[in-house]
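Database features, via TrEMBL:
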BINDING   Arg41  L-glutamate binding site
BINDING   Ala76, Ser77, Trp100, Thr148, Asp167, Gln190, Asn232, Thr233  pyridoxal 5'-phosphate binding site
DOMAIN    5-342  domain 'Aminotransferase class V'
MOD_RES   Lys191  N6-(pyridoxal phosphate)lysine
Amino acid sequence: MKKHNFSAGPCILPQEVFQEASQAILDFNDSGLSILEISHRSPAFVSVMEEARSLALELLGLKNKDYKALFLQGGASTQFLMAAYNLLEKKAAYLNTGTWSTKAIKEAKLFGEVVEVASSKDKNFNYIPKFFSVPDDADYFHCTSNNTIFGTQIKEFPSTSKPLVCDMSSDIFSRELDFSKFDLIYAGAQKNMGPAGTTLVVVKEDILGKVSREIPSMMNYSTHIGKDSMFNTPAVYAVYVSMLTLRWIKAKGGIKAMEDLNNKKAELIYAEIDRNPLFRGFAAKEDRSPMNATFNLTDESHKETFDKLWKDAGVNGLNGHRSVGGYRASMYNALSLESVQVVVDCMQELERKI
Ligand code: PMP
């Protein structure tokens, strides 16, 4: 039976990528060797790393600009720390839109003063705060573009003269933005880009080298830039599968094509959430994320019936995060419109049944 994978991350990746990635374990590029057993310094892998770095910049429209792409380890959570390590001299400004922003703030506080410019905690993070200003003396401004758990997304980024740092873990490569507005972007691979184990960092070089502290080599972006993202052994397989996924995005028409389909999927599910009296959306309408749609039953007594309906239909990973409850449909790039229709059919079937 076909599975419809709405998992929040790690999550669905394109079938074509799985096919090619599995073949490379047995025989990488007809070399007679597995991708898992070759040196990361071999020309074959170095070219994988270079292609992955180059494709990431190309898709974001940042190639031939002053940006470098890195594939690092330690997840986006290490970037909470590393961003502050490299950029925070005295004071940083953070927008708090949920669990991940809160964690980023906690790490930054280890390095200096953190000003929370606004927070949506008062409503369990179901909206994006809009009216705030970034202090003039902040070293940078940090935000989370898409809040995976609460299902909200920043639609308009504040214009600030300060370096703009953004955790794009759960919506990178899903929508067109002017990425040149950002000075540091980071994203764990395990949503739109590839398997868990590597994190994309895109950094504008001129924001580096401005803090007075000594930065340990592994925590220093300049170390990794200087070594072309090969300072130490990278997560070779995760980078390889990310490269295949980036190739797939490019072949499908780039971020624009991803965005068009993502908007169709989002329209389909949100229209049903709004129409069907048995469901209620969690996030404020204007801040809804096309990546993660969060919704609850209006009457919890239907939970057992609804859960059986979607599970029987082959749907996986629809349960909401414990801090929101209810349901979360994560609709990353590789998820088809047809899979979203299956969930919508289940929602309509519930209405017919009761
Ligand atoms: N930021 C966001 C927006 C996330 O969704 C996640 C995890 N899903 C993280 C950060 C943490 O990522 P990691 O598990 O790679 O450290």
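Placed from the backbone N, Cα and C atoms, the Cβ positions cover glycine too.
Counting other CB atoms no more than 10 Å from each candidate's CB, the recorded positions Arg41, Lys191 peak at Lys191. When Cα-Cα distances from Lys191 (N6-(pyridoxal phosphate)lysine) are compared across the binding-site residues Arg41, Thr148, Asp167, the shortest belongs to Thr148. Secondary structure from DSSP puts Ser77 (pyridoxal 5'-phosphate binding site) in a helix.
When each of the binding-site residues Gln190, Thr233 is scored by how many other Cβ atoms sit within 10 Å of its Cβ, Thr233 comes out lowest. Listed binding-site residues: Ser77, Thr148, Asn232. The one with the lowest count of other Cβ atoms within 10 Å of its Cβ is Asn232. Ligand 1 lies under 6 Å from the Cβ of Ser77, Trp100, Thr148, out of the recorded positions Ser77, Trp100, Thr148, Lys191, Thr233. Cα of Asn232 (pyridoxal 5'-phosphate binding site) to Cα of the residue listed as 'L-glutamate binding site': a span of 10 Å. In the three-state DSSP scheme, Trp100 (pyridoxal 5'-phosphate binding site) falls into the helix class. When the alpha carbons of Arg41 (L-glutamate binding site) and Thr233 (pyridoxal 5'-phosphate binding site) are compared, the span between them is 9 angstrom.
Comment: pyridoxal 5'-phosphate site residues Ala76, Ser77, Trp100, Thr148, Asp167, Gln190, Asn232, Thr233; largest CA to CA distance 30 Å, whole number. Across all of the domain 'Aminotransferase class V' (5-342), the predicted model scores a mean pLDDT of 98. Around the Cβ of Ala76 (pyridoxal 5'-phosphate binding site), the number of neighbouring Cβ atoms within 10 Å comes to 23. In this structure, the binding-site residues Trp100, Asp167 were compared by how many other Cβ atoms lie within 10 Å of their Cβ, and the smallest count belongs to Trp100.
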